[in-house]
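Residues or ranges marked as region 'Globular A domain' in Swiss-Prot: 4-94. Per Swiss-Prot, region 'Globular B domain' is recorded for 95-185. Marked as domain 'RRM 2' by Swiss-Prot: 105-184. Taken from Swiss-Prot, the feature region 'Disordered' applies to 181-216, 271-320. What Swiss-Prot lists as asymmetric dimethylarginine is Arg194, Arg206, Arg218, Arg225. Taken from Swiss-Prot, the feature region 'RNA-binding RGG-box' covers 218-240. Marked as region 'Nuclear targeting sequence' by Swiss-Prot: 268-305. Annotation source Swiss-Prot lists compositional bias 'Low complexity' at 307-320.
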Amino acid sequence: MSKSASPKEPEQLRKLFIGGLSFETTDESLRSHFEQWGTLTDCVVMRDPNTKRSRGFGFVTYATVEEVDAAMNTTPHKVDGRVVEPKRAVSREDSQRPGAHLTVKKIFVGGIKEDTEEHHLRDYFEQYGKIEVIEIMTDRGSGKKRGFAFVTFDDHDSVDKIVIQKYHTVKGHNCEVRKALPKQEMASASSSQRGRRGSGNFGGGRGDGFGGNDNFGRGGNFSGRGGFGGSCGGGGYGGSGDGYNGFGNDGSNFGGGGSYNDFGNYNNQSSNFGPMKGGNFGGRSSGPYGGGGQYFAKPQNQGGYGVSSSSSSYGSGRRF
């Protein structure tokens, strides 16, 4: 059996989201460009179901992960005269996590054990790309390790590739890996939930047409219903804009009103967003991504963040 015919690599790992498309781009012209790096098993420009007008983004699916890597290692990509932004497609489940679609070079690693050292993290994560910095967080007073770390890479695709993997094992223990948001992103998220309640800006920083009236970009507002922090609270990843400063100060503030305390429970009031089917931004069967304002999905309530699943889940029980 040829590698391209092998079913062993999940489709989600072989799929790329392509943002910033020209409204003139068709399935055929998108395919013509990206098939230079391998065999495409699927290629689609997402369109408004009523007007059939392009929504400015699409998806391509390769036969192998190796072909995806080859495409991502080639930049820039220009389709129909316009520079586009390919990123590894995010699954529906993962899209509900704050910051799931932001472009960052740093990951948060939670649930690591006290005997985990920097070289253990490096040995595992360097398979995904060049590591610039590893920070294992400790308590300022006691010096005790707090059960989480940050790893910074030289390229955002390394982070995207890591977070779409469901399981990561460091020194024999499963750990939780998520994107780490820069302070300015957290501040934008916090301010967005106080100031913007429109149809939703997907990043807001670059202005490329993403879909309908939405904007696709790298910084700022993800949704008009309250940004990352939910529609009611102080908002943002760090609660009232504290961001990751909370890690080094008093309570390990990670999410609006939540905490990650010494190998323990992660509590968060963050809202969930991004309904997708199999990473298809709503999919062809479940409706357009963002159509009718459907940026939020029902929280999953699947237990704690990392080590314990005894108390609250990642996502509060609110439905938007």
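Every residue, even glycine, has its Cβ placed from backbone N, Cα and C.
Note that the structure is predicted; figures quoted are calculated from it, not measured.
Mapped onto DSSP helix, strand and coil, the domain 'RRM 2' (105-184) counts 21 helix, 32 strand, 27 coil. When pLDDT values are averaged over the region 'Globular A domain' (4-94), the model yields 92.
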